[in-house]
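The structure follows.
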Amino acid sequence: MATCKHIENQSSKLTAEIPLNTKVYKDDCMYCFDTPENNTSGLDICLHCFQSFSRGKINHTQKHYNDTNHSYYLNIVKVLKSDFDRNQLPKNEEGERHQKIAKLEIKDTKEEDVYDITKSIYCLDCNQNFSIEKSPENIQRLIENVLKSNSSVRDDEIKAWEQEVFPCEHSVDIQQFPNESVDLSVCAQCELKENLWICLHCGIIGCGRQQFGSALQGNSHALKHYELSGHPVAIKLGSLSADDVNNCDCYCYQCQDEVKVNDLNEKLLKYGIDLAKSVKTEKNLIELNLDQNLNWEFKLDGANGEKLEPVFGKDLTGFQNLGNSCYLNSVLQALFSLPSYQEYFAVKEFPSYKEIQDPSKDLLSQLIKVHDGLLSGRYSKPNSIKGDDYQLGIKPSTFKSLIGENHPEFKTQKQQDAFEFLLYLLDKIDNEFGLNLNKPMKFLMGSKVVCSKCLHGNVSHELIDNVSVPIDDEIESVDAETGKKTYKETNIADSFKNYCAEEVVEGFKCDSCNSPTSTAIKSTGFKTFPDVLVVNARRIKLENWVPVKVDVPISIPGSIDLSLFKAPQAASGETITSKDENESNSKEFVPNEESLSMLLSMGFPEVRCIKGLYNTGNNNAEDAMNWILAHMDDIDIDEPFTPTDSNTSSTEPSQDSIDNLVSMGFSNQLSKKALILNKNDINAAVEWLFSNPDDDGVIEDSKPIVNVAQECREITQDLLENPPTNNGKYDVKAVICHKGSSPHTGHYVVYIKKFINNETKWVLFNDEKVVVCDDASISDIKENGYIYVFEKK
């Protein structure tokens, strides 16, 4: 390769060192999922700002140059070796080849053994590649530093895995009882000799729980010991290691979480165990959960045992599993199967560089990228390394890092509840883009409360975007040996019937008869029916105060009619007033009664409670409490409450809040911007200010601030005045399924109806495995359905 005259002349403008705290993006393109491996031109890493771009179907490198005038890039191309033998890759317990994950990674196979890797300098002014070795010395050092540095994704993975475990109240003060007859080799209640846990209170040895998706056995005798004795803290014997004393599995059954035990060696010596001489013999909890996600197979055989057919093409792209990201993968697949999501992002363009300098920190950019990755079909190809059953797929690392960065659970690499994540994501999208994108899911749920003594009551409605329905969990039989329960089959229609059934409200205070001991009858139903209905089956129950998942078979017909479950109206003899009409016709703000009562019970003055509810949308006590705590020092916090005019934007920060930040040394303009960007959350604003010390404080007019509360009022009013067709008939579109004993463990997949070969078929998205199913091979939907997405007929 020749030398580049532009680099020779301009090299002095590039530093040999990467500035401190600068992220290096070298995994995939900032605007698409092109990587050094999956396109012929490879990946271009900008030597000016260290972001990465590709020259694939769309030339994003050129776009970046047009935005920034950055000309010089490190180009990396990885081509699979022609003589590569995939059989050399490590295999899991089922004999399948897989790649190791993040913190647990062991480099069994070097990248150079798999790929022919070419590195060069790409000059956009010349539109040519040049030799690194012939470039100026400072450029060579800079490239060496780029190659040695952790990628942004790797940094995020390390941060996510390094989650600190804290002591709980039960592990801090452990009262130990002597036990001279401890047998560390076997469970005290059965013959299992692995997956053993020792009670730190009395030294009893019990086996752990059966690990779903793993060959590791367990009869839950350690859990049963806790239930009988009340001793909550136990240690997994096989996880004890003198080389890694901080990563032994310590678990509190009462807190249902991993905990830290101080002076662990001293406590173990009580029962004859010397931690300094211990050697790890079994996988710890994180490793087992990762195994479940990587190896666990939902049904991949047809009704007659034949292998289900992998499918490829547009709208059939899988996600790679990042270790514990199946919950996120399944939710995104379900959302982007909806026409509303496909159409919304199809016409969206990436924000200009003037607006967004770092696309990895912008939700719109990431969702456009996901839309292109899932629907374009460019990445829906057989995986040359793992085999034809797997797709090349896309890796949602940057999206996961962004969406979870301010959430204590979703920012970790732990398994999460898919339904909790769905609600969190919908809320983030509403706050970022307004309610238009999720409007097809919004509907009014009506309720009626009637005093059983005087038959006076009221009707009201609430704008929501999902329904969580109960399920009947009638036990048919219990296995005598394992204790496994078999439940009677139910159906989704019965769940809606139970959800809308009348319930008795005790201790009801009637404004009409003023009876102090009255009861009321409450009933619920659909006031309007959404175009897209999201339903969660409440599979989580409390057994002995421990949350467990019940595997009740739920039959889902292809179509369902919810017209029978309309909002209740006044019955004969009842005197009903519309609570909603009274409130809308009054200028007086009426706080949520339940939330207000909860806040008052916490000891907050009533005026503060009302202000907190008013400024957080009158939705729940938690948001209001956070607002109160953030405004405790406001001068006017205890002054009488006067609601602002409904046309006034509640997003405008108060001068008191601005002054609080100014007193910390920030400018008035920058303080105002921080409060606006963080929805007037003063704590979040302070964090933002310290993270953006060089920001100029200018707010771009092109990105209007979203007033969610106002939009909710507008949609509610529109639904009341122009109700959609009152049709409650739906077809099932997608079902997110879960296998495991808890939504925070196990594995998630999603079944979605797709139009393939001129007919509608079920397609299973199991991370980067995408297969077409026949009707006889979708029994997992009945056994493991957790979140259902219905489309109106």
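Just so it is clear, glycine is given a Cβ too, placed from its N, Cα and C backbone atoms.
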If I go by TrEMBL, which of H201, H221 binds Zn(2+) at the same site as C187, C190, C207?
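Answer per TrEMBL: H221.
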Just to verify: the residue among C187, C190 with the fewest other Cβ atoms within 10 Å, which of the binding-site residues is it?
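Least crowded of the binding-site residues C187, C190, by Cβ count within 10 Å, is C190.
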As a test of reading the model: what is the averaged pLDDT for the domain 'UBA' (652-692)?
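Mean pLDDT across the domain 'UBA' (652-692) comes out at 81.
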What other residues of this chain sit with their CB within 8 A of the center of the CB atoms of C187, C190, C207, H221, the recorded Zn(2+) site?
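Not counting the recorded site residues, we get V186, A188, Q189, E191, L192, L196, I205, G206, G218, N219, S220, A222.
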According to DSSP, which of helix, strand or coil covers C207 (Zn(2+) binding site)?
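In the DSSP reduction, C207 (Zn(2+) binding site) maps to strand.
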Just give the helix, strand and coil counts over the domain 'UBP-type' (166-275), going by DSSP.
26 helix, 16 strand, 68 coil
Return the count of C-beta atoms lying within 10 angstroms of the C-beta of H221 (Zn(2+) binding site), excluding that atom itself.
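The answer is 21 other Cβ atoms.
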In whole Å, note down how far the CA of C326 (active site, nucleophile) lies from the CA of H747 (active site, proton acceptor).
7
